[in-house]
Structures are given as structure tokens and as C-alpha cells.
Amino acid sequence: MKYTLTRANPDADTYPAQTRQTVNNPIEDEVNRNVFMGKLEDMVHASANWGRKNSLWPFNFGTSCCYVEYATTLTAVHDLSRFGAEVIRASPRQADVMIVAGTCFVKMAPVIQRLYEQMLEPKWVISMGSCANSGGMYDIYSVVQGVDKIIPVDVYVPGCPPRPEALIQGLMLLQESITKERRPLGAYVNDKGIYQPQMLPERDRKQADRIAVKNLRSPDSI
């Protein structure tokens with residue numbers, strides 16, 4: 001059997017030298033991939049946000065024709081349940097995301113505000129359609145020029161009306177935003193020990209203001 005010696009070619013296509021990666025300590029690399037290295041607080045926030053983004057309960061609230069497209073996302077064609085948001089709630093006290101689908105009239109504004117206040121924390125709002133975003137083509141006295149003038153909005157979905165795919169994309173953007181949030185939990189551990197923020201419900205927090213009211217506002221005012 002004869003052998004021949006050839007000089008190594010670094011530019012060869014077979015086993016190119018420039019793509020080889022060396023591992024200094026394979027045990028350390030294996031540990032970093034399988035063992036969590038970080039703060040317990042970060043892990044708790046990540047776990048809580050993961051559960052929140054995959055269990056969004058929308059509030060069944062439609063004000064105009066955009067609600068037809070919103071309802072289409074619940075059908076088998078689009079299947080909103082893939083994103084954990086198929087549990088539609090009829091009560092704001094059981095929902096954590098309000099999807100304002102359609103035109104917001106001046107007479108609806110106090111109702112939307114009150115329903116938003118009744119939602120439990122943490123809560124989010126998706127503005128769906130041009131009318132909910134900026135009033136749309138209704139630049140008149142009876143239409144609120146954007147639902148963000150009465151309640152805070154997290155995600156805007158453009159369109160007149162937007163397609164169901166656009167709403168699903170907006171929901172995915174909201175889930176991505178929830179993943180990066182650091183909202184206060186019920187109780188967690190910090191450098192000073194166990195900390196539990198005092199988060200009063202809206203009913204108790206605004207009880208003194210309601211008692212002090214002498215003249216009730218008109219239902220068609222903002």
C-alpha cells in the first residue's frame with residue numbers, strides 16, 4: 001500500500017478550515033445550555049409574561065363594521081385560538097384585553113371608559129380600524145377622533161376595515177410587547193426581601209371620588 005503526502009489547502013470545499021469552530025470547555029458550554037444562569041426575578045417575570053401573552057382573554061366589544069372582521073378571526077379559517085385568545089368574555093371583569101373594533105361615538109365614550117376601568121390589571125387595548133384609530137372619514141361632532149383620546153391604546157391596527165390577518169398580526173405584536181414588559185406581580189422577592197405592592201381595585205380606589213360627586217355628568221359627555 002502506497003501513501004502520498006499532500007499540502008493542506010485552506011480554500012478547499014471539503015472541510016474548510018475557516019468554518020471550523022473550537023470549543024474551549026465543552027462542559028461549560030453544555031451547562032450553559034441546560035442550566036438557568038441568571039436572577040430569580042428575571043425568571044419570574046419571564047414566566048409570568050409568557051403565561052399572560054398566551055392566555056389573552058378579549059372583551060367582546062364591537063362598535064361598528066370592523067367587528068365583522070374581528071368575528072371572522074374566530075372562525076376555523078383563521079383560528080384565533082392558536083394564539084390563546086379565543087376565550088371571549090362578556091364581562092370586563094373577566095377580560096384583560098379590549099379590542100375596540102369600529103367607530104367610537106361621543107355617546108359611547110363614557111361607556112367605553114367605564115368598561116375599561118372595570119377591567120382587571122394588567123390590561124391592554126387594541127384599536128382596530130381607521131375609525132377607532134383616528135375617527136376615519138367621520139370628521140364630525142358626534143364621533144371621537146381616536147379612541148386613544150379617552151383610554152390608552154397599546155396597538156393600532158390600520159385599515160377600513162382591516163383584514164382578519166391584520167388583527168392577528170396586531171395581536172402578535174401585543175404578545176411581543178407583553179413579553180418585554182415588567183409589570184409588578186402580586187408578590188416577589190427583591191434585595192430587601194419579599195415585596196408585595198398594594199394594588200387596590202378600581203372600585204375602592206375611586207370610592208371617595210364617587211361619593212363626593214354631587215352633580216352627575218350627562219351620559220353623552222366625555
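Every residue gets a Cβ built from N, Cα and C, even glycine.
Sequence annotations record features per position, and here Swiss-Prot assigns [4Fe-4S] cluster binding site to C65, C66, C131, C160 based on sequence analysis.
Recorded features from Swiss-Prot, shown on the structure.
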residue	record	Cβ contacts under 8 Å, 6 or more apart
C65	[4Fe-4S] cluster binding site	G102, P161
C66	[4Fe-4S] cluster binding site	A101, G102, M128, G129, C131, A132, P161, P162
C160	[4Fe-4S] cluster binding site	G129, S130, C131, G136, M137
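According to its DSSP assignment, C160 ([4Fe-4S] cluster binding site) is coil.
Compute the center of the Cβ atoms of C65, C66, C131, C160, which mark the site for [4Fe-4S] cluster; besides them, the chain residues with Cβ within 8 Å of that center are S64, A101, G102, T103, M128, G129, S130, A132, G136, G159, P161, P162. Around C131 ([4Fe-4S] cluster binding site), a 10 Å sphere centred on its CB holds 28 further CB atoms from the protein chains shown. Under the DSSP three-state reduction, C66 ([4Fe-4S] cluster binding site) is assigned to helix.
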